[in-house]
Amino acid sequence: MKPLHSVSDLVAAGLMTPDAGKAVETVAERYAVALTPYLRDTLAGRGADDPLYAQYVPSPQEAHTTPEEREDPIGDVARSPVKGIVHRYPDRVLLKPLHACAVYCRFCFRREMVGPGGEALSNEEMDAALAYIRDHEAIWEVVVTGGDPLLLSPRRLRGIAQALSTMPHVGVLRLHSRIPAADPGRVTGELIEALTAPGLATWMAVHINHADELTPEVRAALARLVEAGIPLLGQTVLLKGINDNPAALEALFRGLVRNRVKPYYLHHPDLAAGTSHFRNSLAEGQALVKGLRGRVSGVCQPTYVLDIPGGHGKTPAAAAWIAEDGEGTYRVEDFTGTTHRYRG
Ligand SMILES: *Cc1c(COP(=O)(O)O)cnc(C)c1O
Ligand code: SF4
């Protein structure tokens, strides 16, 4: 079965009517479209109001951009010293070996940069990126992202892991991927084996936004990673109409923990072009996150974060639970909303 790469492929697969396909033609010229055979089967019979379908199948709403939206919403370009590297915090860098993905999420924060033309770094460019890491001894953690790094061959992934393991200052290789949820069959023993190397701790952050994504195939892929000794973190985007309600977030974070994935970040959506229909207000996000405290355990709580536009990095976005009210006295709120006085 072949991957789907265009609106006409989606129409041919019965995932859109020809009329619905016509309505997103211009959107699909601007923002890439793709689905794996696994997702094609998973989405069969679902429609625009379904939380999985809406993440992947283009909608006419993407044609609408707002004045605050940007081409490079988190300022990656401004912080790139060599091709493939983004260095924003002293102790960690992003390494972006390719700009292609197995699927193109409709709310993607890098949607103006990712796509099927987003070729991989050449061998020379990869060598230069690795040399940058080797030369900067403050770099302790290398976050391999993209695009989706798990689209690389095991041979190329092994090359990255091996190279990093020869750099004494690099302690952690962290891969960020959508593949476990988008193409779980790709997470084979050979691929997993390529991600680890002596002297290096390999972690993976998996991008999952809804409990329905945790199908038996996805759960099995997550188990293979954990059982190979790779701790898993969950990355979720808060998405209007998809997971922006307490029950959906509770089910997702419980589902992740149940599958040995620690919820790491809940991202407030970035100001990517044509994504305003996916964005809640920060106040709505804060209220949802506050409500989670009483619903699920600490293990199930991610940090709600905002990536500050312009390349200033991420900042915790949750509302405060504690407010100073003068002279060393604080008003502390508990999970039921009752406030208490604290002096200390
Ligand atoms: C998000 C990000 C990181 C990783 O940050 P953590 O908060 O450690 O997950 C590193 N570099 C850049 C440029 C980033 O945007
Ligand atoms: S997998 Fe990540 S980078 Fe690729 S389209 Fe989805 S959000 Fe964007």
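In case you wondered, yes, glycine gets a Cβ from its N, Cα and C as well.
From a predicted model like this one, the values you see are computed outputs, not experimental measurements.
Residues or ranges marked as [4Fe-4S] cluster binding site in TrEMBL: Cys101, Cys105, Cys108. Sequence annotations record features per position, and here TrEMBL assigns domain 'Radical SAM core' to 87-295. Marked as N6-(pyridoxal phosphate)lysine by TrEMBL: Lys314.
Overlay of TrEMBL feature records on the structure.
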{"residue": "Cys101", "record": "[4Fe-4S] cluster binding site", "Cβ contacts under 8 Å, 6 or more apart": "Ala32, Ala34, Cys108, Val114, Gly146, Gly147, Asp148, Leu151, Arg178, Ala182"}
{"residue": "Cys105", "record": "[4Fe-4S] cluster binding site", "Cβ contacts under 8 Å, 6 or more apart": "Gln55, Tyr56, Arg178"}
{"residue": "Lys314", "record": "N6-(pyridoxal phosphate)lysine", "Cβ contacts under 8 Å, 6 or more apart": "Tyr265, Val305, Leu306, Asp307, Ile308"}
Quiz item: By the DSSP assignment reduced to helix, strand and coil, which category contains Cys105 ([4Fe-4S] cluster binding site)?
Solution: coil
Quiz item: Which of the recorded positions Cys101, Cys105, Cys108, Lys314 have a Cβ less than 6 Å from any atom of ligand 2?
Solution: Cys101, Cys105, Cys108
Practice problem: Taking the Cβ of Cys108 ([4Fe-4S] cluster binding site) as the centre, count every other Cβ atom within 10 Å, in any protein chain shown. | Solution: 22
Quiz item: Taking all residues of the domain 'Radical SAM core' (87-295) together, what is their mean pLDDT?
Solution: 97
Quiz item: Checking the binding-site residues Cys101, Cys105, Cys108: which ones have Cβ within under 6 Å of ligand 1?
Solution: none
Quiz prompt | Beyond the site residues Cys101, Cys105, Cys108: chain residues whose C-beta lies within 8 Å of the centroid, for [4Fe-4S] cluster | solution = Val103, Tyr104, Arg106, Phe107, Arg110, Arg111, Val114, Arg178
